[in-house]
Structure formats: structure tokens, C-alpha cells
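S.K.: Pasting a structure here, questions to come.
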Amino acid sequence: MREIIHLQTGQCGNQVGTAFWQTIHGEHGLDQDGVFRGSDEQQSERLSVYFTEAAKQKYVPRAVLVDLEPATMDAIRSGPLGDFFRPDNMVYGQSGAGNNWAKGHYTEGAELVDQVLDVVRREAEACDSLQGFQITHSLGGGTGSGMGTLLIAKVREEFPDRMMATFSVLPSAKVSEVVVEPYNATLSIHQLVENSDETFCIDNEALYDICRRTLKQAHPSYGHLNHLVSRVMSGLTTGFRFPGQLNADLRKLAVNLVPFPRLHFFTVGFAPLTSSASFSNLGIAELTQQMFDPKNVMLASDFRDGRFLTCSTMFRGKVSMKQVEEQIQAIKNKNSANFVEWIPNNIQTAHCSVPPKGLDVSSTFIGNSTAIQNSFRRVGDQFSLMFRRKAFLHWYTGEGMDEMEFTEAESNMNDLVSEYQQYQDAGMDDEYGEEYEDEAPAEEE
């Protein structure tokens, strides 16, 4: 089977990751201890993608949990999934990274990384045919961003031909907890452009908005936000976990969604998102409408400001694929300005008959939209405001970093923004398009 090893780093990464395992272990009919109690063959058919069978029918997640302080692991151990993870797979330091990317990437994190790689190697050896890795982390703190990107680089070095997917929580303007977020995020994006194959971008601001506006929760907690993210992650990985045709592994997903290697940052959305009483049965039309509604997208950049290069949708439950195709076509015709015309058939639809827990039908949306440059631009602007004054820089140079790295990261992110802009402007037969076609291969290197 095509296995995926899951890594979760830092406080945010571990909480999001644990919420993901909480969601999928239920979908596959496993109880809190990992014993299979499902009734449906589809639940067990591809269990081994994310789980490895330990003793007597007990399944254990292929997960490696990493943090630079013990508190997160203690919380997981005492939580409902405490006995679910393999204890040897929890690797943690004592000192924390103090929201400092350099600590996570160069000092504290670098000391711990070999221990983590040993666990990753052991997990990889237990796989028949490893397809790749997925990592959950945030880009605003120290461990998830600094050590997370270090881990991605090291794993990449050791498994160069395997896929690397990341679920990255971007810092957002309204919900800011750390003053150096723009530094940490820019340094991380600099790494992700080079070392990740697909990055699903999520930000807290959009999650808060969804909780408040759509789910009518007055004071959403991180638990609510993580639940939302886990719903989306469960939807995104449906194709890998259940028998299906489209996007059945990480590589096929990337082939369908990444037109140019650097442009692999996706926005994600989920439907139905309604306050619980009213979602009993939504039709295909409402699902599709909701899924393509910017309010349901988990990133605070409105995709109507840009154009979709590619899209992929996953419907779950009892739905008629004919209706789905018609709805998607209708959306594409109605909003044709939001899709680039030089990639024909750029919306893919997939279907899986197993619905998520508690819902009859659901749909998940992945879009590669040029509007994501707005999120990068926002981080970049904050970065330059601070970097021009060299504010807080001593925290980073004190850990052995050089200012040059900041300059490089900034210009790499600016390049990324202008690449997205360039493909947004490129038309079918304007001169731009032809110029880009000549240039594109050189740029991809």
C-alpha cells in the first residue's frame, strides 16, 4: 500500500494534527485504543495508508510528534487519544523555541532533529511503498516554523523522490499573538518554496470568521478552529484513505494542481458549514455554491481578487456525479473570469461514497489561486516594516543567523508574489502569454 508518514511539529502543529487523527480514526472505525470495530469493508481497505497494524488488530498512526517543550506532549498523553500514538514516536526537548525561528531551525531544533529523523527512518522502514510525508505546523511561532522547515529539508535530503505535503497555518493580521510572526513566516515560506511539493495554506483569521459568521460561535476556542481544520484535512486526504479514482495519492494530486513547481500553495475550503441544526440535507447545488464561496475558504484572501490556475473538488456521501459535473460546469461558466483560460479543464471532481462522521454529504475544495499572493504580500509588508528598522533582529543574529538570510527570504517571497501576478495577467493570445511561454522553462529551475 502507498503509505503516508505524518509529522506534527510545535504546539499548533500538534493540536491540529491530533484533531486530524481524532477525525480520521473515527471514519475508519477505530476506537480510542486503535482497535478496528468498523463494519464497512471500505473503512479497512486502505487503513494501512495512515495506520500500521501493531499487535492483535490494534492500529497505530504512522505519526511522529515533535515539539521543543514537553507541555504539548503531556496534553496529548492525558487527552482522549493518549494511548493511541506510539510513545516512542513522541520526541520533545525541554527548553522551547520562544517563538524564535532561528532557535527552531539552527540551535534548539537542530539538536533534536537527529532524534526525530531516527523515528522517521524507523517508520519509513515499516512501510511497503512509502508515497510521502505530510506535516502540520504553523509559520508564526518558533518550533513549527523553524524546526518544521528544518525537518522538511532533512527529510527531503534523505527521501528525495518522495512527496512532501504541508498543512501550514499562516499568521494573520487580526489574530496576531507574536510580534515577530512576519519574520518567522517569511523565513519559513522561503524554505517551503524550495522544499515542499504541495502546501495547503490555512489562517486563523479566516477560521475565526467562519466560526463567528457561519457557525455562530460567539467566542471560538482553538478547539473549534482545530476541528474545522481537521474536517478539511480529512476531506483532502479522502482520496488517499478510501478506494477512489481521482487524486488517489499525493503525487497525482500534485500533478493535477501544480502547473509550475514554485506555485504549489493552495487555498482550501469545506462545505457544509452551517450551524448544526440546519445542515441535515443539502443538495449538490448548495454544496457547490458553499464550497466556491470565499467565506468558506480557510484563508483570508478573497479568490475573486485573483484567478484559479487549477482546482480540485472532492464530494463525499451519496451524490450523483452527473449533477456534480453540471454544477461545477455552471460555476465555471458563471465565473469564467476567475479561471485562467490557458489551462483547459482545470477543475477536477472526485467522489467517495463514505461520508464524514455526522454528515450525509460533504465537499472539500482545493484551489491553486493567484489571489494567495495577497496573503504573502501582507506578511511581506509587515516583514519589511520591521526589517528596515532591524527591529528584534538581535534575537535571530544571536542564534548565529546572518542578515543576508533575511534579505534572501524577502526577495524569494517577492519573486513568488510576482510570479503569481504574472500568470494572473497572462492571457490566451496576448503577447504576455507568448513571452511567458518562452521564459517559463528557465524560470522553473
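Backbone N, Cα and C define each Cβ position, glycine as well.
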S.K.: Of N195, N204, N256, which does Swiss-Prot put in the GTP site with Q11, E69, S138, G142, T143, G144, N226?
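M.R.: When Swiss-Prot describes the GTP site, the candidate it includes is N204.
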S.K.: Please identify the range among 86-109, 422-445 that Swiss-Prot labels region 'Disordered'.
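M.R.: Comparing 86-109, 422-445 with Swiss-Prot, region 'Disordered' matches 422-445.
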S.K.: Quick one: largest C-alpha distance among Q11, E69, S138, G142, T143, G144, N204, N226, binding GTP per the record, in angstrom?
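M.R.: This binding site's residues have a maximal Cα-Cα distance of 23 Å.
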S.K.: Within the chain of G142 (GTP binding site), which residues six or more apart in sequence place their C-beta under 8 angstroms from its C-beta?
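M.R.: Expected: G10, L68, G96, A97, G98, N99, N100, W101, K103, G104, N184.
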S.K.: Which residues in the same chain, at least 6 apart in sequence, have a Cβ under 8 Å from the Cβ of E69 (GTP binding site)?
M.R.: Y92, G93, Q94, S95, G96, T143
S.K.: Return the count of C-beta atoms lying within 10 angstroms of the C-beta of S138 (GTP binding site), excluding that atom itself.
M.R.: 31
S.K.: Can you tell me how many other Cβ atoms are located within 10 Å of the Cβ belonging to G144 (GTP binding site)?
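M.R.: By my count, 33.
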S.K.: Just to be sure I understand the packing, how many Cβ atoms besides its own are within 10 Å of the Cβ of N226 (GTP binding site)?
M.R.: 23
